[in-house]
Amino acid sequence: MTTSTGKINLLGLTLAEMEQFFDSIGEKRFRAGQVMKWIHHFGVDDFAAMTNVGKVLREKLEAVAEIRGPEVVSEDISADGTRKWVVRVASGSCVETVYIPTDDRGTLCVSSQAGCALDCSFCSTGKQGFNSNLTAAEVIGQVWLANKSFGTVPAKIDRAITNVVMMGMGEPLLNFDNVIAAMKIMMEDLGYGISKRRVTLSTSGVVPMIDELAKHIDVSLALSLHAPNDELRNKLVPINKKYPLKMLLESCMGYMSTLGGKRVLTIEYTLLKDVNDQPEHAAQMIELLRDVPCKINLIPFNPFPHSGYERPSNNAIRRFQDLLHHGGFNVTTRTTRGDDIDAACGQLVGQVNDRTRRSERYIAVRQLADEPQDSAARP
């Protein structure tokens with residue numbers, strides 16, 4: 001992609017695209033691999049640092065290309081070790097990237113859009129409205145920046161980032177081409193060399209793009225379900241009105257059937273007090289997913305201002321999990337991480353220059369709802 005400087009940003013190019021770039025400037029294709037290693041293995045953003053690239057070629061690259069990642073605005077570290085970066089992208093909006101360390105892995109949660117157009121009712125990102133898709137460089141740039149922050153050089157040795165989940169701000173499948181390119185770089189040996197089993201794309205259910213996915217890439221798939229029936233899901237996840245559950249699950253199963261091995265669909269389900277956490281919801285979920293090879297990840301709601309929802313009690317969470325277990329499912333409840341720095345699931349907001357004006361409308365409605373009503377003034 002050409003940036004505002006008129007130069008090609010090499011950060012977001014796949015290996016095939018990098019080879020095409022070197023063809024276009026009259027250079028041999030093996031240079032693509034050399035430059036990719038410098039960018040992604042070593043975090044280099046200066047052609048002068050590429051010591052196995054000749055001076056003449058370095059000067060040529062300097063004239064027509066650049067390596068530009070998103071700008072880090074802030075970095076916060078939680079008491080539990082979770083890190084959150086706020087990064088500014090070309091549109092002027094800010095998005096958030098979260099790193100979650102555990103004993104056996106380090107998971108990076110990556111954003112795909114500045115804001116989100118889907119307006120899921122329990123997600124703070126959706127309340128920010130939508131500005132733009134991130135470029136491939138801005139998506140993979142979050143991995144690049146995080147890797148540089150850890151000082152892991154090269155990226156594939158003693159790596160801090162073992163897993164990447166496309167679960168940050170935005171709906172990845174509504175930024176299809178750029179997300180596909182970024183995930184290819186994540187898995188490319190000359191990029192970050194992350195196993196396809198350790199790269200997960202999460203979707204709220206853009207059925208045509210799920211159907212298209214297998215033609216382009218092989219990664220793990222997670223479905224943001226959040227409701228066991230169409231009536232409730234229409235309210236929580238409005239895209240369900242266009243792509244209802246039967247159609248959605250058939251699409252997911254079609255994609256999963258193309259993958260090798262014993263890989264299963266991950267079901268994400270945010271538990272909302274008295275909304276979708278009752279025994280009847282668990283029973284409906286068991287029936288809905290009976291023939292779907294899957295694992296279920298329960299996510300207790302992480303509150304944000306004026307959300308209108310509450311987190312269920314620990315007893316209600318355990319009850320729901322136990323009911324699903326007894327129904328024969330592999331179920332885990334996600335431990336809340338990074339909530340003290342607003343980095344928990346559903347809390348990512350960034351700073352979005354909202355083209356939909358949804359955030360203005362949302363704030364106005366919530367303020368009206370919070371105002372005390374004068375009963376004497378009512379008819």
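Just so you know, the numbers here start at 1 and follow the chain as drawn.
Cβ atoms are placed via backbone N, Cα and C, with glycine included.
Copied from Swiss-Prot, the annotated features are:
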DOMAIN    102-342  domain 'Radical SAM core'
DISULFID  Cys109-Cys345  disulfide bond
BINDING   Cys116, Cys120, Cys123  [4Fe-4S] cluster binding site
ACT_SITE  Cys345  active site, S-methylcysteine intermediate
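Projection of Swiss-Prot feature records onto the structure.
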{"residue": "Cys109", "record": "disulfide bond", "DSSP class": "strand"}
{"residue": "Cys116", "record": "[4Fe-4S] cluster binding site", "DSSP class": "coil"}
{"residue": "Cys123", "record": "[4Fe-4S] cluster binding site", "DSSP class": "coil"}
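Sequence-distant neighbours of Cys109 (disulfide bond) (same chain, six or more apart, CB under 8 Å from its CB) are Thr97, Val98, Tyr99, Ile100, Val165, Met167, Gly168, listed in sequence order. A C-beta separation below 8 Å, combined with a sequence spacing of at least six in one chain, links Cys120 ([4Fe-4S] cluster binding site) to Gly126, Ser204, Ser224, His226, Leu236, Val237, Pro238. Cβ-based neighbour count (10 Å, all protein chains) for Cys123 ([4Fe-4S] cluster binding site) stands at 26.
Cβ environment of Cys116 ([4Fe-4S] cluster binding site): Cys123, Thr125, Gly126, Gln128, Phe130, Met169, Gly170, Glu171 lie under 8 Å away, each six or more residues apart in the same chain.
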